[in-house]
Amino acid sequence: MTNLRKTHPLMKIINNSFIDLPAPSNISSWWNFGSLLGICLILQILTGLFLAMHYTSDTMTAFSSVTHICRDVNYGWLIRYLHANGASMFFICLFLHVGRGLYYGSYMFMETWNIGVILLFAVMATAFMGYVLPWGQMSFWGATVITNLLSAIPYIGTDLVEWIWGGFSVDKATLTRFFAFHFILPFVIAALAGVHLLFFHETGSNNPSGLTSDSDKIPFHPYYTIKDILGVLILILVLSSLVLFSPDLLGDPDNYIPANPLNTPPHIKPGWYFLFAYAILRSIPNKLGGVLAFVFSILVLALMPLLHTSKQRSMMFRPISQCLFWLLVADLFTLTWIGGQPVEHPFIIIGQLASILYFMLILVLMPLASLTENNLLKW
């Protein structure tokens, strides 16, 4: 009799995705982040569900309801900080996952990669709306500044912003709709992640060498299930350390001040995970130009398959490209730092140089380095 897991319509899908899936024998720990992102998403949906039971999306009571969750609800403080820091862990895993894809040429799986870029935008939109919900100073002013960027769109900009706000400023209508979207989007993300996996299982996994691994496959279970469990344990260790020892490390102190439209904070900045794009936005003096650069800083990922000029898929055997890749990583750290600094000398010029370098590396230097390496192969 054939095993039930191989014949049952539902279990068959799970079996072919997580148990009998043929996987390359040489994939490293950089391939762990897909499963970690799945764990993060489940954690965020569960903690978010319990927070939504106690949260009220009204400008008069939103801030108080978050305080109530932390003070009066059983383990409410734990759920709230797991959710807030879980978002940070989500983005850390996302950035590492994307970085892995860039380094090892995983973007050559076009459908999987493009769904991944859409997922990145969806997660960023969800995180932005979640940041608004506690209705602290940074929530209110962050929402005001970021939504106001849409007014840079010619002709329809102002109408579009007022339509999103549901009035003439960020107010009750804005908060209510942001809560509604923040609740529904994670389920859309889960569905998109399913499509991401569907496309990915059509082609099979890439591996560090970038070569085809059809001749050397091993079953996902037990080898990579055990390997993934180690990653999950490390994730739990880091997240619980963050939540239990310094839950506000990655937050903004201004968000403990209730939102006040009459008092602007000295430095308005979004969550740390947006700072690199925010720095690029601020480095262009023109509003529309800044918005376009902001969007393109992430959308440029969709161009990666078109910018791939190397004869080799992975960067494993390409030292010049490796140097440029790590320069790009350093540049992103610089942009993240600049995004959190006030707009004054010398931060302005550093941000502008880092922004130019970011686009130069991706659009010009890395493709040129790949062509150079192709010629070096002939020697």
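Glycine is treated like the rest: Cβ placed from N, Cα and C.
As annotated by Swiss-Prot, transmembrane segment applies to 33-53, 77-98, 113-133, 178-198, 226-246, 288-308, 320-340, 347-367, with the evidence given as similarity to another entry. Annotation source Swiss-Prot lists heme b b562 binding site at His83, His182. The annotation heme b b566 binding site is assigned in Swiss-Prot to His97, His196 on the grounds of similarity to another entry. Annotation source Swiss-Prot lists ubiquinone binding site at His201.
The recorded stretches the transmembrane segment (226-246) and the transmembrane segment (33-53) share 3+ CB pairs below 8 A when only pairs 6 or more apart in sequence are counted, and are therefore in contact. Tertiary neighbourhood of the transmembrane segment (347-367): same-chain residues 279-280, 282-284, 293, 296-297, 300, 303-304, 307-309, 321, 324-325, 327-328, 331-332, 334-335, 338-339, 341, selected by CB-CB distance under 8 Å and a gap of 6+ residues from either end. Ranked by CA distance from His201 (ubiquinone binding site), the binding-site residues His83, His97, His182 have His97 at the top as the closest. Summarising the environment of His182 (heme b b562 binding site), the number of other Cβ atoms within 10 Å of its Cβ, over all protein chains shown, is 21.
The list of residues near the transmembrane segment (178-198) in space but at least 6 beyond its ends in sequence, with Cβ under 8 angstroms from a Cβ of it, reads 17, 37-38, 41, 44-45, 48, 52, 55, 57, 112, 115-116, 118-119, 122-123, 125-126, 129-130, 132-133, 143. Residue density at His83 (heme b b562 binding site): 21 other Cβ atoms are found within 10 A of its Cβ, drawing on all protein chains shown. Around His97 (heme b b566 binding site), a 10 Å sphere centred on its CB holds 20 further CB atoms from the protein chains shown. For the binding-site residues His196, His201, the greatest number of Cβ atoms within 10 Å around a candidate Cβ is found at His196. In this structure the alpha carbons, written CA, of His182 (heme b b562 binding site) and His196 (heme b b566 binding site) are 21 Å apart.
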